[in-house]
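Some features that Swiss-Prot has for this protein:
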DOMAIN    2-232  domain 'Glutamine amidotransferase type-1'
ACT_SITE  CYS86  active site, nucleophile
ACT_SITE  HIS203  active site
ACT_SITE  GLU205  active site
Amino acid sequence: MKIAILQFGGTNCDQDVLHVLKDVVGVDAETVWYKQEDLTGFDGVVVPGGFSYGDYLRAGAIAARTPIMNSVKKLAAEGKPVLGICNGFQILTEARVLEGALTTNEYPKFRCHWTNLRVETVDTPFTSKFRKGEVIRMPIAHMEGQFYAEEKTLAELDENEQVVFRYVDENGKVTDEANPNGSLENIAGIVNTSRNIFGLMPHPERASESILGSDDGLRVFESMVDYITENF
């Protein structure tokens with residue numbers, strides 16, 4: 001098993017993800033510079049956070065149009081898992097492999113703090129180690145994290161159980177106060193209809209060891225690895 005961690009100009013969370021996969025989970029992982037393009041031999045992809053290309057045009061817009069993303073789409077078409085974290089989520093929406101868009105936070109400032117999330121579905125390659133309805137903690141760090149989608153798309157996401165995480169209070173209740181960026185329906189992360197592409201704004205790699213304040217995020221990577229082990 002080998003997992004690719006993409007690097008674009010401005011990516012800055014790649015080494016954190018590499019550490020979690022190699023040193024905490026214990027699987028083979030490798031950073032892949034965007035010019036490499038070919039992802040043959042990899043069983044999964046992580047598109048990590050950062051500020052790819054300085055967030056020029058829109059966050060993720062330039063990275064989404066690099067040739068390596070064609071290889072990501074090809075890998076996903078084979079059923080292999082693709083995880084997009086923060087800027088990675090933005091890139092995946094810009095690449096049109098996930099629904100919706102991430103726009104400037106409702107209160108336009110950079111938000112960097114812990115959030116409570118409610119697990120909405122465990123029927124994905126990334127959440128099999130969670131319990132539906134449990135409240136977990138992960139930090140956010142973004143300026144453009146407000147999830148937006150048209151009403152019809154939101155209804156489809158809910159109907160198909162594609163919403164994976166929502167921002168909630170410590171008791172698991174969806175409230176405006178618990179929503180850090182104005183995301184519609186407090187959405188923090190979604191999957192595609194095939195369920196093997198997952199994007200989220202919170203950072204699971206920053207919550208993968210108890211010394212950091214939470215290890216809830218570790219289960220995202222462990223679930224992904226279990227899925228690869230069982231299917232590829």
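Any Cβ shown, glycine's included, is placed from N, Cα and C.
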Near GLU205 (active site), which residues of its own chain have a C-beta under 8 A away, given they sit six or more steps off in sequence?
CYS13, ASP16, VAL17, HIS19, VAL20, PRO48, ILE85, GLY217, PHE221
How many Å separate the Cα atoms of CYS86 (active site, nucleophile) and HIS203 (active site)?
7
Which of the three DSSP states, helix, strand or coil, fits GLU205 (active site)?
helix
Counting every protein chain present, what is the number of Cβ atoms, excluding its own, within 10 Å of the Cβ of CYS86 (active site, nucleophile)?
29
What average pLDDT does the predicted model assign to the domain 'Glutamine amidotransferase type-1' (2-232)?
96
Taking the Cβ of HIS203 (active site) as reference, which residues of that chain separated by at least 6 in sequence fall under 8 Å from it?
CYS13, ASP16, GLY49, ILE85, CYS86, MET138, PRO139, ILE140, ALA141, GLY217
